[in-house]
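Student: One structure, as structure tokens, below. Some questions next.
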Amino acid sequence: MNQPKSPITVLIVDDSPFMRLTLQKILSQDPEIKVLDTARDGKEGIEKLQALRPQVVTMDIEMPQIDGLQALGEIMRWQPTPIIILSALTTEGAQASVKALEAGAFDVVAKPSGGPGADIQALARDLIDKVKAAAQVNLGRLGKKGAVSRISSASGSRPPWTAGAASENTNRLSSPGSTSSTLGSAKGRSLDSGEALPKYPVEIVAIGTSTGGPSALQAVLTQLPGNLPVPVLVAQHMPPGFTAPLAQRLNGMSPLTIREGVHGEALKAGTIYFAPAGKQMQVQSRGSQLILHIGDESPITTLYHPSVDVMFMSLAKEVGKGTLGVVMTGMGNDGLRGMREIKERGGYAIAEAEETCVVYGMPRAIVDAGLANRVAPLGEIARHIVECVQRR
């Protein structure tokens, strides 16, 4: 006879009595979750965490004495625990949440913006799903960004890619200005002879990720060379208002331009475009250019805005075999349908290896479906992207 599964234990840390009560009611609705206690600030939260040892913590950012960011740092240093940040939909809240994710927070949930009704119901669905996912997290990956070596654009060795060759790949892109004649070569381990590279020139790179994504994106995007001859699109599951601060923060760490995409703009090589949270990002051909189409409409029914599937499907249609799709850490299987279409049209797929994923959900769907051309740990993904782009 099977023993009943023990409920997931949770500690709630929030300075608002209303939010503590609301979160407790929400989580207590699910028989698989048990709220052990609540705390009024970061200091009390740390003390109760040490005493109760919950599996998951929900934590507000702005609190007296010790705020959420300080408490997160202490917890990750001494007792790593999956922490779900609850953040207000404000510029300050979004910026603090991005810092929390980089410091090792599991995920972010947006607090209700005003009217209880629908907002509370949406919060309940999101929070319960993320608490259950957090309980399965690879604790060893929280806050880690992967062992990556910088891919230098000033390497002494000349890679097989040249500016002349790249022009055949990027004839639909707006010029980003003058670039060096060689793409930064990939340092470190070279590919095994048995590992296949794309059959067709890569015109565009698209990356999809969810839980654990901000840290993973930092590990990958900041290691790409400044003369990358193709554009990069990113769909990261986040609450509305949170992708702009993330892109802005990463932009300061990268030799490439990283920002939110703008509806109607032409894609440029050497620029990384984030899909705005709450919207869908697709591409459309206009003459010799690829144009971003950003809006509310979605060609498929999906819970995610932005959706990796929507982005991938658009690229499969407009770019086809010139698409390099990358799926990294995240819950669920968003990206599976779109990646299948990319592969059907001759494109190439990279999936993050289980060993480095915070949550091995989205990449696992790609691997289990037999779609991945290459499965790589986080620290090697940037190198593989460069090797695929410079493939002739």
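Easy rule for this one: first residue shown is 1, then count along the chain.
Quick reminder: no glycine exception, Cβ is built from N, Cα and C everywhere.
Sharing the features that Swiss-Prot gives for it:
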ACT_SITE  S210  active site
ACT_SITE  H237  active site
ACT_SITE  D334  active site
COMPBIAS  173-185  compositional bias 'Low complexity'
DOMAIN    9-126  domain 'Response regulatory'
DOMAIN    198-392  domain 'CheB-type methylesterase'
MOD_RES   D60  4-aspartylphosphate
REGION    148-194  region 'Disordered'
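Give me the local environment of each listed feature.
Tutor: S210 (active site) carries neither a helix nor a strand DSSP state and counts as coil. S210 (active site): 26 other CB atoms within 10 A of its CB, across all protein chains.
A C-beta separation below 8 Å, combined with a sequence spacing of at least six in one chain, links H237 (active site) to T209, S210, T211, G213, A277, Y304, P306, G330, D334.
Within 10 Å of the C-beta of D334 (active site) there are 27 other C-beta atoms, taking all protein chains into account.
In sequence order, V13, D14, D15, S16, M19, G68, I85, L86, S87 are the residues near D60 (4-aspartylphosphate), counting only same-chain partners six or more apart with C-beta under 8 A. DSSP assigns D60 (4-aspartylphosphate) to a strand in the three-state reduction.
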Student: Quick one: mean pLDDT on the domain 'CheB-type methylesterase' (198-392)?
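Tutor: 95, rounded to a whole number.
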Student: Determine how many residues of the domain 'Response regulatory' (9-126) DSSP places in helix, in strand and in coil.
Tutor: 58 helix, 26 strand, 34 coil
